[in-house]
């Protein structure tokens, strides 16, 4: 665990640091638009080709599987080839995979291509989120990461809208996705000299970071599980309570919109209080939200309001955890933490839908709020354990100056 260089160049003044941070936010958020477009686009194409639901699900799972298997390689690759080179290679690799998927309308070939696409996305996100935390002013870290969460979530949500407007049976959505992903390179090229240089002789492993801060890893895992459970099962839950399929999709959209709207306010609050304190409050409130879900489910209006507020509340968990990571870690531990978050995201995404589906299979519609209450209650209890938060007092943690 020997860092060679972890900070921006010495000549990078605060205004240039802010501009570099904004450049990274713009880059990764534009990249997120292409990612958000990919999921519905490819699912619709496969459905029109008569592919089974199992095949569509397996194809989608390749991205999450890649996150699980490749995130741990990012710190070592960044140390060997440089963070900027790795991020740019990730964008170019993702574009190449996306174009090849469009050219080869063969779902079996899509499996390895979507795995490679997931690996490229992982590298870009891990490096970009590390840069944002490195460039953040400690006094306004929460607001900067809240801004990132707002813009990134908003751009991701635009992806399905593009597919709705263009349809899935032409090259237009592929052309838009390719152009947007390539444009993500421009801010990185413009700010290259001001971005942190990261090279390590022996980077911290993902498993080592998880031992240092298990509660941060668990928070990302729980958030990812909620996200994927909601995406796959919330419309079905609404239908089970007598609402129409369009209303079920509308409720899911409101959950996503709520996620976008509360990111920046949560970051602002994290600057005034602490992210750790807010995570404890949000985890408890999310568990209460799961208990209240059945009470709202029989009314379209009540369910819509509940999901908007609940989605916004739960949606800030990742943002707050990212702020807490930046406040407590720097150097190789920060990079390993971002990689660990990606592993947690992949693991939660893989485990969440089967767990939620099994609960609904055996308990009926009640199974969905029951399993969500369980995971949020477990998270709330975990944040009450000093042992799981030992990074807060550990002497080995490299804390950024000023935090």
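Numbering starts at 1 and runs along the chain as it is shown here.
Quick reminder: no glycine exception, Cβ is built from N, Cα and C everywhere.
Straight from TrEMBL, the features:
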- 20-42: transmembrane segment (TRANSMEM)
- 20-389: domain 'Major facilitator superfamily (MFS) profile' (DOMAIN)
- 54-74: transmembrane segment (TRANSMEM)
- 81-103: transmembrane segment (TRANSMEM)
- 109-132: transmembrane segment (TRANSMEM)
- 144-165: transmembrane segment (TRANSMEM)
- 171-191: transmembrane segment (TRANSMEM)
- 212-239: transmembrane segment (TRANSMEM)
- 245-266: transmembrane segment (TRANSMEM)
- 278-297: transmembrane segment (TRANSMEM)
- 303-321: transmembrane segment (TRANSMEM)
- 333-352: transmembrane segment (TRANSMEM)
- 358-383: transmembrane segment (TRANSMEM)
Can you tell me which parts of the same chain pack against the transmembrane segment (303-321), counting only residues 6+ beyond its ends and a CB-CB cutoff under 8 A?
145-146, 148-149, 153, 216, 219-220, 222-223, 226, 230, 234, 238, 241, 243, 250-252, 254-263, 266-267, 270, 275, 278-279, 282-283, 285-286, 289, 292-293, 296-297, 341
The domain 'Major facilitator superfamily (MFS) profile' (20-389): mean pLDDT?
88
The transmembrane segment (212-239) vs the transmembrane segment (358-383): 3 or more CB pairs under 8 Å:
yes
Within the same chain, where does the transmembrane segment (333-352) have neighbours whose Cβ lies under 8 angstroms from its own Cβ atoms, ignoring anything closer than 6 residues to its ends? I mean 6 or more beyond.
1, 6, 61, 64-68, 71-72, 74-75, 78, 122, 125-127, 129-130, 133-134, 198, 200, 203-206, 208-210, 212-213, 216-229, 318, 321-322, 325-326, 397-398
